[in-house]
Amino acid sequence: MVLHLVPRWSASLFRASPRWKKTYSQRASAQLKWLGCPRSVYSPLACRAYSKVSGSPEVMLTPERYPVQRLPFSTVSEEDLAAFECIIPGRVITDPEQLQTCNVDWLRTVRGCSKVLLRPQTSEEVSQILRHCYKRNLAVNPQGGNTGMVGGSVPVFDEVILSTALMNQVISFHDVSGILVCQAGCVLEELSRYVQERDFIMPLDLGAKGSCHIGGNVATNAGGLRFLRYGSLRGTVLGLEVVLADGTILNCLTSLRKDNTGYDLKQMFIGSEGTLGVITAVSIVCPPRPKAVNVAFLGCPGFTEVLQTFRTCKGQLGEILSAFEFMDAECMQLVGQHLHLTNPVQESPFYVLVETSGSSAGHDAEKLTNVLEQVLNSGLVIDGTMATDQRKVQMLWALRERITEALSRDGYVFKYDLSLPVERLYDLVIDLRTRLGPRAKHVVGYGHLGDGNLHLNVTAEAFSQELLGALEPYVYAWTAEQRGSVSAEHGLGFKKKNVLGYSKPPVAVKLMQQLKAMLDPKGILNPYKTLPARA
C-alpha cells in the first residue's frame, strides 16, 4: 500500500479505516490553520507574557513560603557596588523594575530580593567579580535564561545575581567535525540557527529554546526532545571553561573527541547547577543536519497501546527514530482550552508524537508509513496525521511543546520531573487522581517516553500547603519504590534539594557535599540549592 503525498501537506491524514485517505479533509485543513507560526514563537519562554499575566498578584517571597533560613553571608554595600562598577562599567543594575524579572522564576513560584544584577561579558570579568565576592563573603546566584523549573536560577534571599546574558558570542565552529565553541550566554535557539546555516544541528532541543542559555543547559544537564537520538550533554559536551568560587579560571575547553588524560573534570560541572563553578564557555559536538524529518501525531486508545506502539517504532524504525513523546487527554484539553490550539486527530485517551530524521526522504517516509499502517491496522492507533514538510513538522511539535505554557495558565502548578521504568510511567498519574480527588484541578502526565521521563503536573487554583502535603513526600517515595529518579532532567534546584536521598544513597550525598566544600569552602555559589544542608 502506497501513501500518496499531497501538496504542502507532505502526507495525508490517515483514519482508522481499511485504506488511507489520499488527501486531508476540509475539516482537518480548517483545524490546522493555527499551525502558521514558527515553532519558536510558541516556545513558552519566548513569550514571557504568557506566564506573567497583567495584574496578577505579586509572587510570595521564597522564605515566606518555604522553611529556609538565610546563611551568614555579607550584604551588598555601596563599596561593593563601586567595586563592581570598576570591573564592569555601566553593567551594574540596581533598578528595582529590572531586578524584579530576575528575582522571580518564570513559573512565578519563588521570589528572591536581590538588590544587584551584574552583566559581565568575559570570563575575566566573571573571575574578578567572584574574586571580590569570595573575599567579601557575598553569595552569588548565577543566572542564564531563567527558564528553570525548580527554582535554581533565582535568588532565595539577597544573593548577587550574576547574569551570562551578555556572554553570547560564538568563539569558533569547525564545519568538518561539527564542533562548536561558544560563550555560556548564547541562546539555544540562536545557536541552532547558526549551526543549521552550516548544515548541522544542536544535539539538544527544548521547548524553552527561545530563552534558555547553553551554559544553563549544561549546568542543569538538560535532556530535552532529542535525547532519544543524541543522548545527554554528558556525551556531547567536549569541554568547559569554568570560573571557580575564588575567581580561579579553569580552562578545560578542549575540542578533542578523545582525551584520556587524568580525571574528566568537566563532568563535575555538568549538572552541578552553578554550585561548583560558573560555566563561562562550552565546547560541544553538533550532529549533521538530517536531510529528511518526518513527524506523525497519533491517537491511542490506552497507555498499553502507547507502549506497544513505541516498541513497534523502536524495532522497525531503528536508527532514524529521533523522538517519541506522549501526552494524555487532559494535556490536549488544556492546550485547547488555554491556547486555543485544535486537536488535529480524533479525540483519544493518549497521544503520541513520533519523529524520524535521516538522510533519505523517500526511504524514511516509506519506513514510517509502513509502521503507521501496521499500528493502525492492529488497533494500537485510533487516528493520526503525518507531515514531512518542515513548517508542518513544527506545527505538530507545537502541540507537545506548549503543554507547559498551557499548564501555567491553569493556576498554580506542582511540577515533578521523574525517571521511571517505561512500563510504570503512567501508573503514578492514575494513582494521584484517586488520591487527590477534587483538591486538584488537573493531574496530567506527558513526557519523553523514549527515555522513561514523566512530566507529572498537578494544577490548583492557588498554592496549597494541604495539597503539597498530599503530594510530598508521597510522589518521591513512590518513585523510589520503582528505583526511579526524582529528577530526570530539570535538576534539583531549590525546590528538590531535600529529596536527593530518595535517589542517591547517603554515602553518595556525603561525597557530593564534600566536593562542594572543597571547591567552594565558603559556600557562596548558588547557596540553598541542589544539595541538602550538611548536618
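Every residue gets a Cβ built from N, Cα and C, even glycine.
Taken from Swiss-Prot, the feature transit peptide covers 1-50.
The domain 'FAD-binding PCMH-type' annotation in Swiss-Prot covers 110-289 and rests on sequence analysis. On the 0 to 100 pLDDT scale, the domain 'FAD-binding PCMH-type' (110-289) averages 97 in the predicted structure.
Of all Cβ atoms in the protein chains displayed, 17 besides its own lie within 10 Å of the Cβ of Lys115 (N6-succinyllysine). When secondary structure is read from DSSP and collapsed to three states, Lys115 (N6-succinyllysine) falls in the coil class. Look at Swiss-Prot and you will find Lys115 tagged as N6-succinyllysine.
Positions annotated as (R)-2-hydroxyglutarate binding site by Swiss-Prot, on the basis of similarity to another entry: Arg400, Thr404, Lys415, Asn457, His490. Of all Cβ atoms in the protein chains displayed, 24 besides its own lie within 10 Å of the Cβ of Thr404 ((R)-2-hydroxyglutarate binding site).
Counting only same-chain residues six or more apart in sequence, the Cβ atoms lying under 8 angstroms from the Cβ of Arg400 ((R)-2-hydroxyglutarate binding site) belong to Gly207, Leu225, Glu325, Met327, Leu353, Tyr446. Here Swiss-Prot flags Arg400, Thr404, Lys415, His490 as (R)-malate binding site, drawing on similarity to another entry.
Residues annotated as Zn(2+) binding site in Swiss-Prot, with similarity to another entry given as evidence: His448, His455, Glu489. Remark: Glu489 (Zn(2+) binding site) has Thr220, Asn221, Ala222, Gly223, Gly224, Phe227, Asp417, Asn453 as non-local neighbours, by Cβ distance under 8 Å and separation of at least 6 in sequence. In the three-state DSSP assignment, the secondary structure recorded for Glu489 (Zn(2+) binding site) is coil.
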Distance from Lys115 (N6-succinyllysine) back to His448 (Zn(2+) binding site), taken between C-alpha atoms, in Å: 39
Zn(2+) site shell beyond His448, His455, Glu489, criterion: Cβ within 8 Å of Cβ centroid: Gly223, Gly224, Asp417, Gly447, Asp451, Asn453, Leu454, Ala488, His490
Nearest recorded site to His455 (Zn(2+) binding site) by CA-CA distance, among recorded positions Lys115, Lys415, His490: Lys415
Three-state secondary structure, which DSSP defines for Lys415 ((R)-2-hydroxyglutarate binding site): strand
Asn457 ((R)-2-hydroxyglutarate binding site), number of other Cβ atoms within 10 Å: 26
Lys415 ((R)-2-hydroxyglutarate binding site) to Lys115 (N6-succinyllysine) - Cα separation in whole Å: 29
